């Protein structure tokens with residue numbers, strides 16, 4: 001590039017800078033769209049990538065990642081600690097015993113604890129070079145002296161300590177326990193860690209452990225010889241298991257972020273088009289002055305790169321901050337749904353580079369054609385909003401949108417995996433806005449024919465001309481409203497289905513949740529109380545089917561028959577079930593493993609016992625699979641006799657029974673639940689589970705509303721001469737404002753007429769197809785006219801405000817000033 005060309009390029013750039021000094025709103029609109037698009041995209045990417053990192057870096061607490069695990073025999077919760085000592089005596093020192101369980105604090109709050117040989121854990125982490133948590137025995141934060149002295153203590157992260165009230169001591173199952181707060185870098189997350197001896201005492205499990213972590217790759221045969229028939233050896237697949245379980249959750253977040261990115265790009269694209277429209281005369285004059293077309297194009301591209309750079313940088317900063325704000329909600333959701341621990345969030349510089357590259361590619365591809373069109377226009381042309389209307393491609397867009405919609409619907413019908421279904425749904429959602437220019441123009445044309453002569457006729461006649469400049473804003477609005485209605489429909493359907501399921505699932509008068517150490521004692525006491533009619537019991541252990549983790553369980557006869565909500569079952573199921581010929585499996589498991597009625601089922605805990613699937617039941621409590629076997633088979637196979645949970649049917653007044661149970665069993669009120677309390681807790685967990693999706697959904701709608709506001713503002717600025725002419729012809733301010741506001745309301749209503757039915761379709765696909773394939777939950781579709789009307793009303797009110805604010809300023813300025821803008 002010669003110095004002559006560089007001089008011309010610099011002069012053109014200075015001219016553009018001078019233009020933006022006079023019209024900063026145009027640069028702000030472009031930058032704002034980019035910021036909004038990048039913010040949500042980066043926030044969700046940060047959340048997803050941090051979650052993936054948490055899964056892949058999942059280690060034993062304060063230690064290294066286990067290569068394999070020695071776990072109890074199938075159907076048992078614990079294994080004898082002597083197995084660990086035998087391993088050590090055999091020369092296998094790269095191992096760590098761990099016990100897990102639940103305890104209660106003085107307020108009745110349930111805590112999941114993990115106990116291990118803390119000193120051995122840290123030593124193993126250092127030995128295998130995997131300890132990236134900056135933990136050492138002589139770190140000032142590590143309570144080495146208290147551990148050696150045998151004092152009761154628990155270690156928690158800073159964030160977990162704050163959630164627990166910031167207390168220095170907690171009473172765990174009657175034992176005063178010191179709370180030691182450790183740095184977030186130690187990666188404890190929401191877990192509670194303590195010495196294994198103290199944990200065994202709290203759980204009343206002396207000389208028992210949950211599993212043994214093996215840090216060195218040992219030959220399977222050697223391990224099997226040592227553990228004999230006392231335990232079983234498995235490879236540690238926790239990271240891949242969590243990846244598979246949480247796949248649909250992260251895909252949902254990604255889909256929401258991409259939708260917000262598209263909506264934000266619509267805003268930026270609309271801003272670029274408006275800026276080119278306002279500079280049309282300037283661009284012609286620059287070309288008339290002899291500036292080469294390539295130089296002007298280079299200046300426009302350089303301008304776009306600068307705006308994208310600033311917008312992406314600000315969006316990246318806001319996105320990282322947003323991810324930090326959303327981190328606790330996401331961590332809670334992952335822990336409650338999947339038992340996954342999300343480590344403290346980090347960010348990487350290359351995320352900014354990825355966001356910049358993606359945004360730059362999208363904006364350049366979408367704007368390059370417009371740049372060329374403006375530069376290559378005849379030099380005899382001149383600017384003006386109505387003088388050089390853009391060539392309308394509405395018919396072509398309509399045909400493209402129709403073709404894509406047909407393709408997407410065909411894909412939705414044929415696809416089986418939820419990932420492909422989500423992709424086809426995304427294509428369908430994006431294809432429908434392409435109808436808008438044509439449909440809005442036809443609706444405006446039809447309204448013009450129906451309107452009487454006069455200002456009403458003028459309103460719709462001019463509305464046809466407004467469709468093109470406002471179509472992008474309406475497309476963004478359509479996408480956001482559609483997604484909002486679709487997600488609200490999904491959430492409403494899920495909540496309604498969950499309530500119905502809980503009504504059928506909950507049958508006991510009072511549910512009791514003692515600590516694990518007291519479970520057997522509480523069970524025996526309940527059996528002896530005269531005020532208790534029936535004691536309901538549930539038993540569960542972890543197991544696997546086809547290599548997929550599941551929970552294997554059974555219940556007493558009354559609980560089984562009263563609480564199992566069948567999706568499908570064979571004839572005379574109960575007779576075959578109690579004869580231990582068939583089992584019942586949960587719907588999520590049936591969907592995930594493609595299991596049907598009558599199929600053979602090979603359960604890890606029952607390798608030599610042939611069973612068939614006799615029933616599939618609804619289960620909305622967890623996406624993890626569940627298998628129920630008969631109580632007789634549970635006892636015959638020697639599975640754990642200790643119940644996982646208890647419920648009772650009382651023979652007297654429920655409140656009186658509450659007080660009696662509190663006194664006799666010594667339980668805290670929070671350890672006793674009635675049906676209403678459990679429903680409230682379940683719905684509270686449900687609302688927190690969907691909080692992250694609702695937050696992203698609301699932000700996406702906010703992005704579209706901001707886009708509508710900027711589009712209305714810029715459009716009114718471009719139309720000020722036309723509005724001034726009407727005022728000069730005798731139309732008073734009140735009628736003028738009514739016409740302009742009426743035009744925007746008409747366009748928004750026309751758009752909503754498409755968005756609401758589309759949102760209903762999207763909600764149906766999300767509810768009846770994607771949720772079933774992703775989580776294995778079949779939901780009852782519930783349409784809410786109230787939610788749809790609320791979103792429509794909010795959208796119309798925002799559009800009115802977005803129009804009135806600049807319009808009021810416009811109609812109160814001198815008419816001659818507005819008229820001059822057409823020729824200056």
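Every residue, even glycine, has its Cβ placed from backbone N, Cα and C.
Since this is a predicted model, take the numbers as computed values, not measurements.
Database features, via TrEMBL:
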type     : residues : note
TRANSMEM : 27-47    : transmembrane segment
TRANSMEM : 249-272  : transmembrane segment
TRANSMEM : 293-320  : transmembrane segment
TRANSMEM : 351-371  : transmembrane segment
TRANSMEM : 397-415  : transmembrane segment
TRANSMEM : 421-440  : transmembrane segment
TRANSMEM : 466-487  : transmembrane segment
TRANSMEM : 695-716  : transmembrane segment
DOMAIN   : 697-814  : domain 'ABC3 transporter permease C-terminal'
TRANSMEM : 736-765  : transmembrane segment
TRANSMEM : 785-808  : transmembrane segment
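Touching of the transmembrane segment (27-47) and the transmembrane segment (736-765) is ruled out by the presence of fewer than three CB pairs under 8 A, sequence neighbours closer than 6 excluded. Summarised as a single figure, the pLDDT of the domain 'ABC3 transporter permease C-terminal' (697-814) averages 80. Only pairs six or more apart in sequence are counted, and the transmembrane segment (695-716) with the transmembrane segment (293-320) gives fewer than three Cβ pairs under 8 Å, not enough to call it a contact. Outside the transmembrane segment (785-808), and at least 6 residues removed from its termini, the chain residues within Cβ reach (under 8 Å) are 477, 481, 484-485, 488-489, 492, 701, 705, 708-709, 712-713, 716-717, 737, 740-741, 744-745, 748-749, 752, 756, 759-760. With DSSP classes pooled into helix, strand and coil, the tally for the domain 'ABC3 transporter permease C-terminal' (697-814) is 101 helix, 0 strand, 17 coil.
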